[in-house]
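So that you can see what the record holds, here are the features copied from TrEMBL:
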DOMAIN    4-62  domain 'Tudor'
REGION    58-108  region 'Disordered'
COMPBIAS  66-75  compositional bias 'Low complexity'
COMPBIAS  76-95  compositional bias 'Basic residues'
COMPBIAS  99-108  compositional bias 'Basic and acidic residues'
TRANSMEM  211-230  transmembrane segment
TRANSMEM  250-273  transmembrane segment
TRANSMEM  294-313  transmembrane segment
TRANSMEM  325-344  transmembrane segment
TRANSMEM  455-475  transmembrane segment
TRANSMEM  481-500  transmembrane segment
TRANSMEM  521-542  transmembrane segment
TRANSMEM  562-581  transmembrane segment
């Protein structure tokens, strides 16, 4: 095992991988497993370097002083001494070696001088597209006599010579300081991507690490079952714990599990239909771009046609309400089985295809967060499919079943106004997500998070059965609201939706084409990644305006349920906690990705989600 050479906190010179450029860095830590040093640049960016790419500051300065102190007279003196016949044979051998080294140095100097002259000739050669010189003569005359150009432009050659010399001696140019700073950040970003390929291990664990993720594997299903049980109680107070538990035999029914499988594979069939456009996702760590078929809205239309046909033939859709707990158990069992399959197949996946946030080396943590970034069976992308199809469309179907169940249980010819509001608001949200399906390709769920238990359970169980909590609550706890109250709640939902959609559209359009003339009014901060951080529009108002719109809509979904119990507002509380966690994760990720540009952005936009509050 090689020993450690540099200590934590030591200031050294670090080389950019793939180049000969050295920059002053500070050693932050050392990995005994990979034998890599984590170093910190002056702009706060951290990289992992090999020991061979790091040199001590003292040796670097010593070598520089040696090269600057040597003079032609001393080298001439050493040559005359080496040719003295009175020198011993050993000295003669040393002098011949020094002579060869001098010849090599001289040859190298001549090559560099010739290169500098060639650069100067190229710089001063007029463009071949111009047909005349500055004084009206054909530009061929000017190309044949480069010395005339140098004599005519007395000041420009000096500046260009100085620029070439500074380029070879790696000295910064004051007049281009700002450009070099942006270039330096960009080079660091490119190097970091290269290093991430070599060091894919996840160092910072989320969700409480191994212990936290282990507990959440059991806590999340228990929470779903508890909420569903409480909604069917006459007194839906969360303080009534524990709720009456059903028999274990009643939680499982093979027929229900078969219906769930039929639903899942029906949506998979819609996904595979050759309709809709095919788009490319964001570049992966290896530069490759995956292709995705955008046909989620078509899948929703086909599903609506099938549900309408079933209702026309008097199919009892409130069967979902009567067996909702069994459907939740079936979905949970399927999500666990899917998570096990995903983890087993990820063990054979290439290293560059692993998720940057789910490659810790700990089984429980990687199983929960997802080990593989984009697991695919041929062209069938499992994560992308589950993100929008079975759970999100299933949410709308469950809401519709709750509406029909309310009408049947309470002998109503029309659903209640509260139920209509809840169904309409959430239907708008789902249709918007499917209509703007392409936008999901830029989210962290697709670009950063692996596909494991967290997303599998969240997409297939949490979304359809927890997000439909308000509709389920209204079936057993009808709430009457007046038309003015309904109008006020509708206005609130429209405000939240407008903020959510306009903010997301602004961001997605800017990412796709920053040069779009329609976005000329937007101002941004350039970053080393080549992207820009918007500081005007919604993204200049707060850092996460889409989260603000989400929270306002979630509140509007819960208000039709009244204030008798806090249970319908569980979604609002959960959503705020979820978005605050995501916001903190986004802040950390953006700080690592954008460096100084993110700090400037935070100074320009101080509020995170709630203006003047947080």
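Placed from the backbone N, Cα and C atoms, the Cβ positions cover glycine too.
Values in this document were obtained by computation on a predicted structure and should not be read as measured data.
Mean predicted confidence for the domain 'Tudor' (4-62): the pLDDT average there is 78. Taking residue pairs at least 6 apart in sequence, the transmembrane segment (294-313) and the transmembrane segment (250-273) share three or more C-beta contacts under 8 angstroms. Through the fold, the transmembrane segment (562-581) approaches residues 227, 230-231, 236-238, 418, 466-467, 469-470, 473, 477, 479, 481, 544, 547, 550-551, 554-555, 609 of its own chain, all at least 6 residues removed from its boundaries and within a Cβ separation under 8 Å. Through the fold, the transmembrane segment (211-230) approaches residues 236, 238, 240, 243-246, 324-325, 328-329, 332, 364-365, 367-369, 453-454, 457, 461-462, 465-466, 469, 472, 567, 570 of its own chain, all at least 6 residues removed from its boundaries and within a Cβ separation under 8 Å. The residues of the domain 'Tudor' (4-62), classed with DSSP into helix (H, G, I), strand (E, B) and coil, number 9 helix, 27 strand, 23 coil.
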